[in-house]
Amino acid sequence: MVVSVKKGTAQLSDKTATKKAIPLTQATTKKKASKKKEKILVTQLEHAHALLKEREARGPDWKPRINYLTGMRIYFYGGDLNYAGEGTRNKMRILVDRGATLLPTYDPETTTHIITNASKGTFLEAIGLRSLKDIPEHIPVLKWEWIISHRNGEMGKWYDYASFRQRVHWVNANGDYELFKGANQAKSVKGKEIEKPDTSKRAESEDAAEFSRISSFTQDKPAASRKELASHGPSASSSSAVVSGPNATVTMGERKDEDPLAAFYERARAELEAEELQGESDGNASDDERRGGSSSVTALKRGDNGSVQKGKSMFACDRKGEQPSDQKCPNQDVIDKLEELKALHDAKPSDGDHWRVFSYNKAVRALRSYPTRIRSYDEARKLFGVGDKTAQKIMEIIETGQLQRIQYERTEDIEITKLFTGIYGVGRSTAYKWYQNGCRTLEDLKNGKAGVKLSASQRIGIQFYDDINARMPRDEARQIFELIKPLALEIDPKLFVEIMGSYRRGKADCGDIDILITRPTDDGKTHSGVLKKLLAKCHERGIVTEDLNLPDDWMDLENCYRGLCRRDENSRRRRIDFLTVPYESRGAALLYYTGDDIFNRSMRMKANMMGYSLNQKGLYSGVVRNPSNRREKLNDGTIIASATEEEIFKVLGVPWHEPHERVRNRA
């Protein structure tokens, strides 16, 4: 037995030795193979093309499991000297695997984002540019950490991940990203370096980052005061900052977790907004005139409103709107083509396309106000908001009557997405998701293809799709209003009932009807509950036909109802909104719901620069906000003007504009 055990042990040892020898040989072979593989050199360009071929081989139906980069066309530069290192190759694959379109070379016409952690000189040499200024304003240049910042369905803020401090995109007063052109003067604040973003958390969420449009005139936007802005001038202390409105002052100590440039947010927004608005009605202005807003900004921050009024104000609300002329714009054909291209980009979900819409809007405004026919590229290039590529497009339209880029961008996904966003209650994100799931027609949606579940309002939106998307003549809007107003006064003769929106501005046609309802309270009564009674009467008479959005509490003084209406049985359905507000807020509400959007934004911007906050409820002073989260109010402030439009204009030093004089957007 003993010998047998020893033999068994010996045999076991031999087998064990044999088994160990095999993996050792394999490991040696793998190691040699690995070393041999490392000797295969590939450039970043070659690797990008290889990834694109690999992506094409997967077929058109392939969808990434983690797809939050879908819609982005990214140029990535790894900073390698000659050949792409393993880190660069891995990052390029991550971009593709998470839904991005990886661009082998930088092309300003198609690029939506640039990702690089390389030094400025190396990066510029790689893409063949002399300066960061040569990159179109709408294209952000971000660090790799931005790609992996995705969490809870959202990406990090561009300004937290800017690759270069000379090129930072802040959030403007409209909630959109805009390039802060003064960033090169703000590389540090009193010796403080720009704080690096927190990249400790990594997200693997499959939710696509969503893009939201925010109203240009809402109450939850940041409002910087004059003193707050002034406190960050050259003589400001680095250890504290004073934030104060006309009725409040708060001193804040310096905190490590705050962005050292946070104090400049509102200033950047104001300067960019002023530049855009200054160019919209003065296409012939010189470069100096276009940049002339900065002195006006300084004057306002000092409280010297009079000096601004004497000269040409940077705020659109300070100038009377030019009335539409019967004379046709000499560049109307160019405008029409650019508008067509803009609409195609507007239907796309990516940030880059949104910025193209922004750029084309500026170019269209400049063209619309230009008095003569554009004759040359150089002439087009001098227009405010017109860059090299846009100038080339303008000349292509002038010389050929066509724009090839339109055909390039008019792909099936864009056409279908545009169709779906015409449905009430459907945004670009939802429309694009439906397209990705295989829906191509309104019938597909009605039939629930690919598991689509429509809300009640969306079904109504499909049923009356053509009606809702058609504009109504001004006279039809007036006739519908004249059917409704007497019904309201039957309920309570003291009601204040007014039609607003584009009708009040005097437009020849309207997209919908907006009706404001309130009531004086001098007799102790209010308009509480009136809206429900009025809608019941309108339904009985067939004026209001379908409900799209109902108030949560019918007795609330501040309510909003959305629905469809019609003039008579033979008329189209039209969109109608009823808004009720407290009587003391009627002036602010009239101002807000009359518009137009550019005029409203300008009013709000001027209020912010003077230390106030303006929304649809009134003009506030003494608003104090959380310095770490400017959307959070620590003090709501006090309403100082709201009952009439006139008193709001007066406090802000804006000359009175009749509603028809508030038109700034001729689009």
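Using the three backbone atoms N, Cα and C, a Cβ is placed for every residue, glycine included.
If you check TrEMBL, you get these features:
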DOMAIN    64-149  domain 'BRCT'
REGION    188-259  region 'Disordered'
COMPBIAS  190-205  compositional bias 'Basic and acidic residues'
COMPBIAS  233-246  compositional bias 'Low complexity'
REGION    273-311  region 'Disordered'
ACT_SITE  Lys393  active site, nucleophile
Statement: Rounded mean pLDDT within the domain 'BRCT' (64-149) lands at 90
Count of other CB atoms lying within 10 Å of the CB belonging to Lys393 (active site, nucleophile): 22
Message: Quick check: in three-state DSSP terms, what is the residue listed as 'active site, nucleophile'?
response: helix
- prompt: Reported in the order helix, strand, coil, what are the DSSP residue counts of the domain 'BRCT' (64-149)?
  reply: 27 helix, 13 strand, 46 coil
